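Quick look at what TrEMBL annotates:
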type: TRANSMEM; residues: B:20-38; note: transmembrane segment
type: TRANSMEM; residues: B:45-65; note: transmembrane segment
type: TRANSMEM; residues: B:71-89; note: transmembrane segment
type: TRANSMEM; residues: B:96-115; note: transmembrane segment
type: TRANSMEM; residues: B:127-147; note: transmembrane segment
type: TRANSMEM; residues: B:183-206; note: transmembrane segment
């Protein structure tokens with residue numbers, strides 16, 4: 001009996017058992033994946049729409065916004081090193097607004113990701129921060145959920161602003177000679193968001209017609225312009 | 001499983017061998033996620049779920065797991081079950097999933113899970129292993145709740161902020177009024193160490209006082225778990 005338990009036999013046996021366990025639990029994971037897939041896709045979509053609804057009033061367009069998408073290549077003006085997505089809102093077939101992603105590379109603690117909507121008449125309809133690492137309690141007022149000013153969160157001052165009201169050269173925080181407020185002692189976060197918003201607005205306005213005209217689902221090569 | 005064993009498991013998990021205060025295992029998520037009570041309790045409950053499931057799975061399968069390769073198999077089971085919990089959170093508690101983020105997958109590497117599997121589930125029956133996982137996890141939850149509550153209250157003057165991600169319609173309690181300036185260090189990582197240190201000191205103080213009282217008035221050994 002002892003002779004049967006050679007080294008080769010033992011390793012084969014343990015390897016087989018390991019294999020059985022791996023197959024068993026991979027199957028369990030695959031089953032859970034299939035079970036949760038529809039719900040995960042639905043909640044990711046809902047999360048995206050919730051965010052877009054914050055920057056663009058749902059009544060201002062009537063197309064299937066998320067399907068009218070343009071893929072962007074790496075776009076330095078928007079701070080998108082890896083590229084991103086741009087959604088086009090239309091009302092009765094006419095251009096209504098552009099919803100775009102942007103990044104501020106110069107936050108106090110790393111990059112600040114933004115989503116903003118620019119209406120067809122050239123105004124910012126809203127800006128929201130989607131992810132940031134600013135200091136809790138100090139720089140995180142850029143997220144309206146953390147802003148102490150609940151009636152008029154800091155980031156809402158961009159709503160309605162356009163180059164017809166705010167000159168491109170004045171699109172800065174007050175401390176840099178611009179028109180936008182920034183809380184004392186935490187100007188860096190405000191400056192990063194303000195400048196990134198201004199850059200994104202300028203970028204979108206400069207090629208507004210081309211952005212609305214491009215075929216849905218196509219990829220815009222923005223790097224070589 | 002009899003009542004005596006159940007009480008022993010509960011006493012060990014909730015107090016005597018508390019993971020956060022006595023065993024000091026799995027401190028990484030404790031310190032990182034306890035910036036608010038809702039975050040802390042949510043991650044704690046996810047850990048409870050994982051610990052109970054993992055202990056149940058390992059205890060049920062323990063006769064098929066060769067001793068030599070038990071650790072890889074334990075890790076495989078833990079990783080698979082954590083993945084399933086992660087998917088479930090993503091599907092049905094999406095708002096919370098976005099907040100807890102990387103910390104759910106990281107339950108895999110939380111050493112308290114592997115520690116209980118190796119120390120308990122590999123040697124005991126399925127039922128008492130499940131109870132052990134539950135109780136050890138719940139011991140972590142109350143420490144996390146206390147720690148998150150202290151840090152949130154001191155740091156931003158609120159309690160239960162973010163509760164609307166779990167129960168829509170509920171909102172946070174603003175305890176110190178809107179003009180509370182916030183005690184920033186409580187929310188930053190050092191605040192977690194300070195608060196946990198205070199909790200461990202209190203835990204040790206209570207235990208020492210109970211031991212002193214026990215020496216002064218010796219009781220029959222069987223009643224010992226009732227003290228404190």
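Each Cβ is built from the backbone N, Cα and C atoms, and glycine gets one as well.
TrEMBL does not curate its annotations; it predicts them automatically.
Here the structure is a predicted model, which means the values were calculated and not measured.
The list of residues near the transmembrane segment (B:71-89) in space but at least 6 beyond its ends in sequence, with Cβ under 8 angstroms from a Cβ of it, reads 46, 49-50, 53-54, 57-58, 61, 65, 96-97, 100, 104-105, 107-108, 113-114, 117-118, 122.
Outside the transmembrane segment (B:96-115), and at least 6 residues removed from its termini, the chain residues within Cβ reach (under 8 Å) are 19, 23, 25-26, 28-29, 32-33, 39, 42-43, 46-47, 50-51, 54, 71, 74-75, 78-79, 82-83, 85-86, 89-90, 136, 140, 162, 165-166. Cβ atoms under 8 Å from those of the transmembrane segment (B:45-65) belong to residues 26, 29, 73-74, 77-78, 81-82, 85, 89, 100, 104, 107, 110, 112-113, 116-117, 120-126, 129-130, 132-134, 136-138, 140-141 of the same chain, restricted to positions at least 6 beyond its ends.
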